[in-house]
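Read the structure below first, then the notes.
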Amino acid sequence: MRRGRWAALALGLLRLCLAQANFAPHFFDNGVGSTNGNMALFSLPEDTPVGSHVYTLNGTDPEGDPISYHISFDPSARSVFSVDPTFGNITLVEELDREREDEIEAIISISDGLNLVAEKVVILVTDANDEAPRFIQEPYVALVPEDIPAGSSIFKVHAVDRDTGSGGSVTYFLQNLHSPFAVDHHSGVLRLQAGATLDYERSRTHYVTVVAKDGGGRLHGADVVFSATTTVTVNVEDVQDTAPVFVGTPYYGYVYEDTLPGSEVLKVVAMDGDRGKPNRILYSLANGSDGAFEINETSGAISITQSPAQLQREVYELHVQVTEMSPVGSPAAQATVPVTIRIVDLNNHPPTFYGESGPQNRFELSMNEHPPQGEILRGLKITVNDSDQGANAKFNLQLVGPRGIFRVVPQTVLNEAQVTIIVENSAAIDFEKSKVLTFKLLAVEVNTPEKFSSTADVVIQLLDTNDNVPKFDSLYYVARIPENAPGGSSVVAVTAVDPDTGPWGEVKYSIYGTGADLFLIHPSTGLIYTQPWASLDAEATARYNFYVKAEDMEGKYSVAEVFITLLDVNDHPPQFGKSVQKKTMVLGTPVKIEAIDEDAEEPNNLVDYSITHAEPANVFDINAHTGEIWLKNSIRSLDALHNITPGRDCIWSLEVQAKDRGSPSFSTTALLKIDITDAEVRRLRYMKKSNFPGTTKPVRKPKFKPKKPHSSQGLFLHPHYEIALFNLSNMNLYSRVFQGEAQAS
């Protein structure tokens with residue numbers, strides 16, 4: 001009974017608790033490969049970009065309450081992800097590196113505000129091909145003997161790639177395909193290729209570049225392959241495989257007449273061809289010495305054992321043998337070289353120049369300039385000699401100095417020769433350019449090692465000759481002189497120079513030509529001046545032209561032209577044709593008066609006109625330049641003219657002045673009587689005087705002396721301005737009278 005009561009009470013309490021319980025939220029488990037849920041078995045590539053949305057937490061609450069999501073990490077680890085608490089979106093916030101961290105532990109949680117459910121998850125980081133191969137245990141240096149067989153292994157390189165799969169597999173290659181080496185693609189073992197050899201004497205070190213490549217893989221969505229390089233230094237070790245080598249071949253030695261027995265003639269030098277570990281070398285004479293020479297077995301020095309006078313041959317051909325001695329003292333490789341030794345005369349005499357009295361190193365000569373081409377300088381007595389014998393006495397001769405002027409013969413001498421110097425360029429031997437020519441005679445041995453030489457100075461003093469013509473400093477001279485210059489006046493000085501010296505350089509001047517009569521020239525100074533009696537007149541002759549000659553004592557000369565212009569002087573006053581002149585003026589038509597100034601140039605011959613006196617005044621005007629005279633504009637008729645004339649006279653007298661523009665100025669006056677009429681009065685006067693038809697007198701031939709005819713029709717100018725026209729073919733008389741100025745037509 002009591003048990004039943006407790007059971008009922010417990011059941012009631014249970015029902016009460018169930019009625020008041022709030023169940024916790026939970027995540028969905030969507031399995032492998034899902035991108036939402038509780039991140040169970042979730043993996044992520046290591047090359048995923050930061051900021052990528054990589055997963056979505058997803059869960060539910062039994063009561064349907066709002067839920068939030070959270071993610072946390074161990075305090076000692078990186079916070080690789082962040083989560084949106086509302087939507088559960090997980091974002092990558094730190095870079096991933098599988099080689100450093102291949103899995104990430106995190107605590108994800110879901111909460112409905114009252115209940116919090118947390119789970120521990122592990123996110124796997126998968127590999128991407130982001131690592132390059134890396135060689136380990138560098139640097140790589142191998143020491144290999146030069147006689148290693150082809151195909152032998154030399155060295156092994158090793159590279160690792162921390163990626164997995166194909167991205168972590170490594171293969172090896174050589175960068176230089178023409179190398180004597182090869183590498184195994186998988187193991188990295190370096191070998192000497194088949195058929196290849198090493199040679200210490202040719203190349204002591206080889207540098208082999210090895211490339212390590214991974215198998216490739218994906219990175220950021222693309223296929224990539226990474227590689228690395230390293231250098232293997234292969235040092236070749238020398239072995240004894242090369243014969244001795246001679247240095248400085250070929251070998252020649254010379255024995256001279258003063259060489260003493262025991263003297264060293266020359267030294268032979270040899271060394272082991274294996275330079276890395278050379279053996280000791282010993283020298284010996286194989287044959288050819290005939291006991292006249294010996295060699296030091298360690299130094300290779302060859303010396304003479306006899307006096308040169310005792311030697312029987314001029315040339316000895318020796319054979320020197322060298323032998324390598326191994327470290328244990330046994331003979332090894334050998335080599336032989338020929339050595340030539342000549343017995344020669346001692347070259348102890350240089351070439352020497354001799355004059356007439358013995359050795360001489362200076363020779364002098366005086367000669368005229370411009371000698372004939374090919375002429376021998378006979379004043380030089382020169383001999384050259386070399387006292388040695390054979391090839392030691394052969395030498396060359398040459399002239400050192402200005403080139404192309406002289407040449408020397410002979411150019412090659414054996415023992416002794418007479419030296420001859422010949423003219424080669426006569427024009428260059430010019431006293432005016434150089435009074436002294438200096439050369440050096442040089443003798444140099446040809447075939448001797450010493451090349452002994454000697455020199456001698458040749459000094460040639462040139463003598464002047466008359467080889468130049470006087471030359472004016474100008475081809476023509478221009479001068480100006482006033483026409484009123486007195487006799488003996490200086491006009492112009494000419495200058496000519498003759499570069500010759502002494503009497504040949506003296507110049508004498510003279511003048512000639514049609515215009516030279518009024519002038520003289522000083523024979524020494526070249527000053528041209530007028531004759532003492534000369535009277536120059538620019539109006540008569542304004543210009544003179546003649547020639548001046550410069551001549552040396554032998555008649556060599558040159559010519560220049562002289563131009564002299566007379567400067568006009570105002571020495572002529574204007575002149576009227578008559579001092580008293582009569583003119584007839586028709587009303588409305590001017591009359592003209594003219595004066596001539598005989599000066600040659602302006603302004604001296606320009607004339608200005610003026611009226612200096614008139615009675616009555618204010619009747620006439622005059623043109624100052626042309627000399628035309630006319631009535632003032634206020635007088636238009638004879639009546640107006642008579643009104644201002646007391647006696648009603650029609651003839652007026654004027655005093656007219658003509659004045660030139662020279663300085664000083666000259667003037668002249670003339671009296672001009674003007675008869676003034678009009679056209680009608682003039683016509684009646686003419687008809688009355690000439691008895692033309694209509695008058696009581698017969699027509700008569702005009703009485704005047706014809707002046708210059710103007711045409712074949714016989715046109716003449718009448719003194720009273722009438723024109724008569726005669727037909728010369730029938731002698732009939734025609735006439736026409738014009739009022740005013742007469743004009744021929």
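Here the Cβ of each residue, glycine as well, is placed from N, Cα and C on the backbone.
Database features (TrEMBL):
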| type | residues | note |
| --- | --- | --- |
| SIGNAL | 1-19 | signal peptide |
| DOMAIN | 42-135 | domain 'Cadherin' |
| DOMAIN | 136-246 | domain 'Cadherin' |
| DOMAIN | 247-353 | domain 'Cadherin' |
| DOMAIN | 359-472 | domain 'Cadherin' |
| DOMAIN | 473-576 | domain 'Cadherin' |
| DOMAIN | 588-704 | domain 'Cadherin' |
| REGION | 692-712 | region 'Disordered' |
| COMPBIAS | 698-710 | compositional bias 'Basic residues' |
Open item on the list: Mean pLDDT across the domain 'Cadherin' (247-353), rounded to an integer, is what?
Closed with: 85
- [ ] Provide the three-state DSSP residue tally for the domain 'Cadherin' (42-135): helix first, then strand, then coil.
- [x] 0 helix, 44 strand, 50 coil
Task: Tally of DSSP helical, extended and coil residues in the domain 'Cadherin' (247-353) - done: 3 helix, 54 strand, 50 coil
Open item on the list: Counting by DSSP secondary structure, give me helix, strand and coil numbers for the domain 'Cadherin' (136-246).
Closed with: 4 helix, 53 strand, 54 coil
